[in-house]
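Copied over from TrEMBL:
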{"type": "SITE", "residues": "26", "note": "site 'Transition state stabilizer'"}
{"type": "SITE", "residues": "33", "note": "site 'Transition state stabilizer'"}
{"type": "SITE", "residues": "174", "note": "site 'Positions MEP for the nucleophilic attack'"}
{"type": "SITE", "residues": "227", "note": "site 'Positions MEP for the nucleophilic attack'"}
Ligand SMILES: Nc1ccn([C@@H]2O[C@H](COP(=O)(O)OP(=O)(O)OP(=O)(O)O)[C@@H](O)[C@H]2O)c(=O)n1
Ligand SMILES: C[C@](O)(CO)[C@H](O)COP(=O)(O)O
């Protein structure tokens, strides 16, 4: 489908790419992070459900650990997921950036809006997902959910060895800083162009769009969209799930 024949972002269907191919080194030894359980359900399934909860999302592309594609397909088959959503599983790469690119390679032509969401952010609320989609549909080429920082941030001269003292070189003005989450939302062509032309190693997709010289906009993120990175994050995630169950009356 050509750019001209694809409907405008306001009408086009939305696909989500979920990179889930990381090992989870910072979480400690065990299965790939996305396959580890949170209250008995794999983190990846929580993340897939979180994105599929949006009535706008009609396709979810899961980027699985390279040796775990069959396992991920079985997990998706074994868990209840919305029937109106299609699912595709592809093997991932050595970096998050490469994994997202492999997910984009599987994107059918009719999807004009694409979300990229970390499997490691399993508890993002649907209102955050919808706020990102709405901002892309309103015309922003790239949208990130973001939160103000609770801590003061220092720029340091990194020490050659971990744990050694590091000279502080600056204190950026905190009011202008935001901690950025996912899902990040994009106009399809913008994201594909970014992944084709930016080769630097980056930590998120929106920064690739910034490198194209385009404006990225931030919408309010949510504290429950935190990334499960270290062991304490698992404790927090299970506490959030327990609180949700109480609030839902289970
Ligand atoms: N080669 C990779 C590396 C990361 N990711 C995904 O990118 C998201 C964010 O990455 P992060 O939290 O850093 O996960 P890991 O790379 O697994 O963590 P670590 O750096 O601790 O190993 C995760 O959903 C992860 O599965 C991926 O799909 N492919
Ligand atoms: C994409 C991201 O979650 C935005 O905060 C983050 O940059 C991923 O970083 P990681 O080092 O791969 O965890």
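Quick reminder: no glycine exception, Cβ is built from N, Cα and C everywhere.
TrEMBL entries are annotated by machine, without manual review.
Cβ neighbour count for residue 33 (site 'Transition state stabilizer'): 24 (other Cβ atoms within 10 Å of its Cβ, all protein chains included). The two recorded residues, residue 33 (site 'Transition state stabilizer') and residue 26 (site 'Transition state stabilizer'), show a Cα separation of 9 Å. Under 6 Å, Cβ to nearest atom of ligand 2: this is the test, and of the recorded sites 26, 33, 174, 227 it is passed by 227. The separation of residue 26 (site 'Transition state stabilizer') from residue 227 (site 'Positions MEP for the nucleophilic attack'), Cα to Cα, is 12 Å.
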